[in-house]
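**Q** Sharing the record's features from TrEMBL:
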COMPBIAS  1-10  compositional bias 'Basic and acidic residues'
COMPBIAS  12-22  compositional bias 'Polar residues'
COMPBIAS  291-301  compositional bias 'Low complexity'
DOMAIN    99-551  domain 'Nucleoporin Nup120/160 beta-propeller'
DOMAIN    826-908  domain 'Nucleoporin nup120-like HEAT repeat'
DOMAIN    917-1062  domain 'NUP160 middle TPR'
DOMAIN    1112-1273  domain 'NUP160 C-terminal TPR'
REGION    1-22  region 'Disordered'
REGION    291-314  region 'Disordered'
Amino acid sequence: MAARARRDCHGPQSTVTGNQNTSFYNDTTTPVMAAAAAADKVLISTHISDVYSPLQAATISIQTSKPHVPLPPHATDDEPPPEHAQYASFFHSVQTGVILLRLIHNGLIIELISLSTETPPVRFVFPYTILPNPALILWETRELHILAATASGSLYRIIVPLQTPQQLWSTHMVNNWCREYHLKNVQDSLQALVQVQGAHSVAFALTNGSLIRLDAETIGDDFTADHWTESLFHHNTFLGSLTSFLHQGSGDGSHIVATACHPQPTDIGHVWTLSRDRTLRLWTARSGCASAKSLPSSASSCRELSPGASTSTNRSNILLDPVPQKLITVYEGPFVIVFIPTPSSSSSGGFFQLFSASNDHLQLVETFEASHESAHGHLQDFAVINGYLHTLWDRQSQAAVDILDVPMSDVSNEPESFGWRVALYPYEPDLTPAYLDELLLSPGSLTDKFFSAIMRPGVFSSHTLRTAIGQYTDACRSLPGPPTAPLITSYISLGEQIAAVVGCTVTLSRDTHTGALQYDKYWIALKRDWEGFIARCRAVERSARWPLALGTGRRGEVLIAERERIGTLAVEDLPLRLHRHFRADLGAEPQFAGRVIDLTQQEIAFPFADIIADTAARGAFRDSLDDGAESWLVGRLQSVPDLEAATRLVLDLVGGFDRAVKMEEDEVELLLPQHISMHTRMLTAAYATHSVEARYDFILALIALLFFFSEDLEGWDPSLLAEIFAVFRGVAMLRYAAEQPAFDAAPFTIVDDADEVTARLRTLGMSRSGPAASAPMPDLFPCLLEQIGGAAADAPLAVSAHAFLDMSGLLQATSTAHAARLEVLWCEHLRSLRFLDAARETLEWLPRTPAVMYVWARLWLDVGRGAEAAEAMDKLAGSFGPHSALSFEDADALGAVLPGGQLFDSLALLKAPLDWDTTDLWSTVIRGATDLGYWDDAYAALMSTPHDVLRRDCAQHLVHRMCEEHVIERLMSFNFVGIVDEVEASLSFKARNADPRVQPFYSRILYTWYVTHGDYRNAALAMYQRARKLAVLGNTNEPTQYFALAEQQLEALVISSNALALLDQRDAWITFPLAPEGQGTRQLERKRRKLTKHIPEDKFSGGKRDLEIVKLSDVIAEYTFLSAQLDLVRKDPELLRTSATIRSPESVVLRLVQSNRFNLAMATARTLGVDLTDLFSHLTRQCLRLSHSPDTALSEDMTDWLLTDKVTSWTGTPSDRGWRYLRQSLERHDGPDTDLRYSKVVFETITGLERASTPPPWLIHRLEAHHSEWLVRAYYLVLRPKAELRLSQDPPKAAMSTWLPYTLIDQLLVATNEQTQSGLSKRAIELRRDLHREVSNGARRHCFGDESRDVANSDLIRHSSSSGP
């Protein structure tokens, strides 16, 4: 009852409405605690790299069609790390949830992160630096549009199709997914602020004060581009120019530093800008600059100034910082809020001015200053959220949110009563050298203490640690001499690398005079190295915590984006609130905390009052206080009328929860584990961690107070003292778990599941994507949150965190002499999550009850210490049977970790006579453990049963249940000795007959089983069967369904081919039953090889089906064919309705050729053995078009061959690059094996289309060297007498080469005889006469082998062909 009463002690928690503050206390609460409830918001954040790994993100490159775009500038040393964002914004809609857009890698990459789903991030790599303020827009509830402009003068529209609510996007883009527009009013580079007003309008604020406005007349589709109308507006007027001239204003005063527009969606197309000279302008879509106001430099000199009025005495000559800033925001009305920074002021960071923008005119409404806490801070963002003004400040690289406590609708009515509420992060110790020295006061090694401090969750992100250890390693390698071994060693985890590398250059030396080991110098040097590494971590983390932007979530909560963190504004619970108020008075020495922990972990045999008094006397607790502190503390205690009642109040604070999280019938969903996003789990865990830390300081301070007046505790209620230490035990266990990083989990040698095996084998050569990257392993608290429950997608953060702490059960104990059911389950959760060290440390807190001893035994088994496990099991012997002495609590706890049905049936098996039939008992034990999910126990019983038939029957049941419960890793760890064939047959039957689209995917599980056992042939067969089944299901005309099935089929084929590749290549084949003709869709029609061919029928059963042999090359061919089909269908989904056009390899290659996708067409044709004649003919025609009309040719889609990275890097015109591409393609695909038939096709295509053109010299030389006879015939057939044939005078010796035959000599004489004598040169006439004479004496020359005639033939051909007709 005491624990249940604590849960409700905080009272009703009201949310903030208007200027009312949250109240947690009734009238009996002390005034000090009530005063601490002034601020009711707190910032909670989590690191992005701890939630999403950069290797998870899909990367998509974006090309530019703009010529002569230079390379992006290199990052300078003062730039933040590449993974730290320079710009961020939030986007929220019902269809997508919350999406974070980040600009990273020095402004070259836009990253989209879904905070509401488990969709992996996607990154778009731009060819040049992106200008500030790219935007994300939802288009017709089915597409996301990214509008971004680059400094090279291009505006991009990127189309991201929405998939499903669980998987928002994929890397397979639609046709025309990237559309580029070149700004006409930009010559070279563009320096501007981009303001996206929607899908149809974008404004560019230039540094000269002008505004470029782009309006989309039409938005393109899959085949057409956007049509933009570009308008240039200037703010200059005659009066303004005259005023600027008279007062000699700065030329940079018109530089626009801030822009804003009305929140979307809206039909208001206005843009507001603020220039460096503090001039606020309103720009309309038609008229340009419609209104302007000159703003004062300080709140005290607030006066409305027109742009043409004199500013010599009212405006400061100091201009605003030219860096783009967020100084304007617009909200419904429309109303405009402008912030003017005052960096030199010590009272505030600046002031705000509220304007009404109705009727296209700016009218000042009110002026008010920022909070006093904002002095010397930098405003990063501000917005009106839920009717209140929220401002985001950077205060020494820490985010702070100031909230105006008056709604914006009441600002003009209460100008003198403005107040600000400040929301900060909970206290976190900074790892300064002074704090590190404090850590060394407690016992333990230096390395362990510093390592634990930096690896604590939330202190440094994994990216920060990785960056810092990289910098540290580079610095150590730069030292003279060879690098030490730890610097050049590869490590499995980041924690292992840090522990091995930091301090590896420090050596223990000896004194040169005495030879003694100099330990003092060693420890000083080692401490210096660790402090240097931690300083690097702090520098990187300081950059990671730089605030960037505000946003709103699905429930209207305030979101905060930092460079490398995502946070939210949450309600501050009572422990956090009071901890912020009393934190300076709650410090406790580490030695005292260690003594209290040792005391709590001991077996208690005496009253707590005696133990506390004895410990305080032996530790001279009072003697450690000076007289002044002791007198002050005594006086304060005397002012408390009832110490026991005050103590219970502190217990209620530490162990209680707000009534908002009290378990009610309509809130039971909070108690059930829900599938929520990793980002939400991490935030909930972070909030719970901060709340636990605050509760720990309070309970430790209360115990210190008990030690102070330990002599007066004899009259106290013993149950109250026991409850104090029970609550301390629970809080300490929670705090220990919250401090455990992810690397503490024990590593596994077995892969997690079949999908992980699939992902690994994707990298063996046939994969279409890079190596599979898994998400970062979360810390212990998020893992426990997922198992225990408490977090809900629609619940406030404080409610979820309190529900998790309440459901843990660690704060409900009333005595340390008992181990409750939830406490034992907490330890079992740690063990099952493989945080074995954390489980061991936590078990040390609990008394050795039967349930605790069972968990100890399981833990010893996990670490391979069988003797200790057996000893722990022996202690459980008296806990079973009808005469056990277990109490109700102990029995309940033991039943929670040990299935009761298995327990009593196992006992019956032990007591059964030898002649009894125990089949039913064994079946009950095995099936009971299986149904309860105790897989290890079920497997142990299965392998122990003496009934072979039952073993095989239950093995199928166990395998199917484990597959249905998705515990594939545990299934793979069982070897099933003696019944492996039964397991394989069971999985094979399911793989053949189960729907491959529905989980569990038995084909993948079977594949994992075979790979684990080294049977790669059957593994390949399992995935090939899956591909065939998916091919049958893929016979659909629905594009979405076809894409999903085709992707899975491609995955199955590539994995099957990778498994076959692991076999001997001479033996890389599988056998597959012949499918009926016509089964499947769009499959590769290849010649089937029957295994039963030429085998007499009497050698095999007539009821068996024929088999075909499928080789590795066949699987690769099917993969290539399907991949090409899928690529074509993505470009044109209508092909699904006319599937006959892409059913054969020839038709697929022809389609690819017609769409100018030559690279893919050549690769597909070579794999499928398709003739390339049509391809090279079409490619030759494209090159001819490039030579004569490059503009027309370039208007077509040539991204697959002419605009690739390799081809665009070549020098020359597009025509030169096209001919070079053709030449390299012939060298790669045309050779002796093809008899140069593709080169002949190119020659014939050129001469057939343009008789006046001369083929390229390299083509003539290629044919001349190997097929000179064919070349001469081709020339004379197409009447090419002017072509210069540089034939060698000596017979060629190369392969495939032939010399001129006699028939060709006769044709040459006839051809030259038909020419007029004037058409031949004198030398040609002489050669013809000599050749004719030689031919007349041909018989004699032939007999004697004279070669002079061949020389004459060669000369005649050369002179006659070069002389003309």
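Think of each number as a place in line: the chain as shown, counted from 1.
The backbone N, Cα and C atoms fix where each Cβ goes, and this holds for glycine too.
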**Q** At a C-beta cut-off of under 8 Å, are there same-chain residues at least 6 beyond the compositional bias 'Low complexity' (291-301) that contact it? List them, or none.
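**A** For the compositional bias 'Low complexity' (291-301), the sequence-distant neighbours (Cβ-Cβ under 8 Å, at least 6 residues beyond its ends) are 235, 274, 277-282, 307, 309, 311, 314-316, 318, 338, 340, 342, 345, 351, 353, 355, 357, 360-362, 364, 367-369.
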**Q** For the domain 'NUP160 C-terminal TPR' (1112-1273), which partner among 99-551, 826-908, 917-1062 gives the most CB pairs under 8 Å?
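**A** By Cβ pairs under 8 Å, 917-1062 leads among 99-551, 826-908, 917-1062.
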**Q** According to DSSP, how is the domain 'Nucleoporin nup120-like HEAT repeat' (826-908) divided among helix, strand and coil residues?
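**A** Across the domain 'Nucleoporin nup120-like HEAT repeat' (826-908), the residues distribute as 59 helix, 0 strand, 24 coil.
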**Q** Could you please provide the mean pLDDT value for the domain 'NUP160 middle TPR' (917-1062)?
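**A** Mean per-residue confidence for the domain 'NUP160 middle TPR' (917-1062): 87 out of 100.
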**Q** How many of the residues that make up the domain 'NUP160 middle TPR' (917-1062) does DSSP mark as helix, as strand and as coil?
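**A** Taking the domain 'NUP160 middle TPR' (917-1062) as a whole: 112 helix, 0 strand, 34 coil.
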